[in-house]
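> What TrEMBL records for 1-379 is domain 'Major facilitator superfamily (MFS) profile'. The transmembrane segment annotation in TrEMBL covers 33-56, 68-91, 146-166, 203-226, 232-254, 266-285, 291-313, 325-343, 355-376.
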């Protein structure tokens, strides 16, 4: 499941990474990669809402295989050339890359003992930063060897290869299939009713919106902040961002291990408050700030804003009705797309409107503090 999660993340980030190479051939500005990301997020919102019924009817491993195949198709669509095909390809990429998460949650919730779930979910979610690293290494490397079109085709073939490699395990892990499970609109409405009925899951869903949004704020703007506000070179800023992404891997595992001993909601509140503090620590940084202050603030953000996912997914699985972990996770991930779509543009608008980087970091960090208080009060 870790490898599957890594490939899902890899497919989602590949076109934006290749955008500088693709843009001249397509006759567009590389900044339009943001539109590609928005289309992928919109597709993810729809897909995660409806995935629950398919998980129940066909099994988590089959859905994971289909997710890889769909994402591969989206990458292949972008290869022939043409802006329209690239944009349309964002839809299957967004759909396939996101439904992989509820599929793996459904499977792990069924086969992993509850006490071990926080740690194992967190280990599984290290596939996300691994996938980010794959995107940064394989994308440019394949483009250098085969051109950007060849890079997309080879990446699609790698996804299909993993899809086929999972097939021998299907009989073992998809033994819980329910041929009568609701799919389509009926399945979506049933899943939403479950989330609405369970107050603890509603709280986590709202927390998910904020934490996912702030994670993408950090991922989207940290390098820009270092270059535009602090005067760092792009290479230095990129190196610090890569290091921060790597720090998120052991941080996820450590938070997951702590989840086996302490209440997950308390740990999530600590993470949310830490996210607020890390954003506040970025706010006063200036070109004269020492490198270790910049390093400390960035690493603190990575260890909090980029490291909570496994703990949250394990808690969702614990609170979900039996056999519904994947469906509930999908519904909550759909809500999370709202944060991903809304908060990064809001941050950019605050900076662009003249508020400045410092006040923008503080303003966007405040919702994390509110989430921390809400999580503690709702225990």
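Using N, Cα and C of the backbone, Cβ positions are placed for all residues, glycine too.
Remember, it's a predicted structure, so these values are computed and weren't measured experimentally.
Have a look at these and tell me how they're positioned relative to everything else.
Listed as Cβ neighbours of the transmembrane segment (33-56) (distance under 8 Å, sequence separation of 6 or more from its ends, same chain) are residues 12, 15-16, 19, 63, 86-87, 90-99, 101-103, 106, 177-178, 181-184, 186-188, 190-192, 323-324, 326-331, 333-334, 337-338, 340-341.
Note on the transmembrane segment (203-226): residues 195, 232, 234, 236-238, 240-241, 244, 268, 271-272, 275, 279, 282, 294, 298, 301-302, 305-306, 308, 312, 315-316, 319, 331-333, 335-340, 342-344, 347-348, 351, 357, 364-365, 367-368, 370-371, 374-375, 378 of its chain, located 6 or more positions outside it, place their CB under 8 angstroms from a CB of the stretch.
Residues of the same chain lying 6 or more positions beyond the ends of the transmembrane segment (232-254) and with a Cβ under 8 Å from any Cβ of it are 119, 122-123, 125-126, 129-130, 132-133, 136, 222-223, 226, 294-295, 298-299, 301-304, 306-310.
Note on the transmembrane segment (266-285): residues 207, 210-211, 214, 218, 225, 229-230, 255, 258-259, 293-294, 296-298, 300-301, 303-305, 307-308, 311-312, 315, 357-359, 361-362, 364-366, 368-369, 371-373, 375-376, 379 of its chain, located 6 or more positions outside it, place their CB under 8 angstroms from a CB of the stretch.
Remote same-chain partners of the transmembrane segment (291-313), defined as residues 6 or more beyond its termini with a Cβ less than 8 Å from a stretch Cβ, comprise 101, 105, 118-119, 121-126, 128-129, 204, 207-208, 211, 214-215, 218-219, 222, 226, 230, 240-241, 243-245, 247-248, 251-252, 255-256, 259, 264, 267-268, 271-272, 274-275, 277-279, 281-282, 285, 329, 368.
Among residues of the same chain six or more beyond the transmembrane segment (325-343), those with a C-beta under 8 A of the stretch's C-beta atoms are 38, 41-42, 44-53, 55-56, 60, 63, 98-99, 101-103, 105-107, 109-110, 187, 191-192, 194-195, 201, 204-206, 208-214, 216-217, 313, 316-317, 319, 364.
Through the fold, the transmembrane segment (355-376) approaches residues 203, 206-207, 210-211, 214, 217, 225, 228-229, 265-266, 268-270, 272-273, 275-280, 282-285, 305, 343, 346-347 of its own chain, all at least 6 residues removed from its boundaries and within a Cβ separation under 8 Å.
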